[in-house]
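Listed features, source TrEMBL:
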type: REGION; residues: 1-20; note: region 'Disordered'
type: COMPBIAS; residues: 1-18; note: compositional bias 'Low complexity'
type: TRANSMEM; residues: 36-57; note: transmembrane segment
type: TRANSMEM; residues: 77-96; note: transmembrane segment
type: TRANSMEM; residues: 139-156; note: transmembrane segment
type: TRANSMEM; residues: 163-182; note: transmembrane segment
type: TRANSMEM; residues: 194-214; note: transmembrane segment
Amino acid sequence: MADSTVVSDQQQSGSGQTAPSRGPYIAVITNRSTTLVIRGFMLFSIGVFLALVLNLLQVQRNVTLFPPDVISSIFSSAWWVPPCCGTASAIIGLLYPCIDCRLGEPHKFKREWSSVMRCVAVFVGINHASAKVDFANNVQLSLTLAALSIGLWWTFDRSRSGFGLGVVIALLATLSTQLLVYNGVFQYTSPDFLYIRSWLPCIFFAGVITMGNIGRQLALYECKLMSEKTHQD
């Protein structure tokens, strides 16, 4: 009886040794709630970085003006702008894959990091064109940026949900910007449509498509990690 107990204990210990142990890093990144927080933080950081870079282009071109007391501080682009852009980027990046899942339309068009990086480069190029290139009038500038923004969507997205969500968020962002300008938080040097630039919705639309693609790619990477964890189990 005692021998059988020893054999049983040895079998249990042997079976326990067959299961591979994971390190703490794998356990963390394969937890769904934790990966959601990590994904949101990464999107927030990307949004803050892009806001700083793009706002620098606008200030150098003298497109955006902030009050003198704000410019005199170390945060010459107004301290609240990057966090607001980062928060919006996190929301958009998390919302896009969620909408795809709800609609039952998984986005599979050009799902690789090289395509996402090209999308970011085109988005920065569109912003650079709005700040550096001289057009004959604002109508020509607006039509050019609208064509470039739609071209960005067609090249890197092509989903109906992406286009619709981009239009809605761009309109809401433009309305919010108009309210900020109207209340004197900041101003544009040459507003041509209700205190703001008429091409601003095109920039917002391109930014939404870009952050949506980044969010989708991060979500796809998370799904791959979850799939690998399931196979290991």
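Numbering starts at 1 and runs along the chain as displayed.
Backbone N, Cα and C define each Cβ position, glycine as well.
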Exercise. Same chain, outside the transmembrane segment (139-156) by at least 6, Cβ under 8 Å from its Cβ: which residues?
Worked result: 109-110, 115-116, 118-119, 122-123, 126, 129-130, 133, 162-163, 166, 198-199, 202-203, 205-206, 209-210, 213
Problem set entry | Recorded stretch that, among 36-57, 163-182, 194-214, has the most CB pairs under 8 Å to the transmembrane segment (77-96) | 36-57
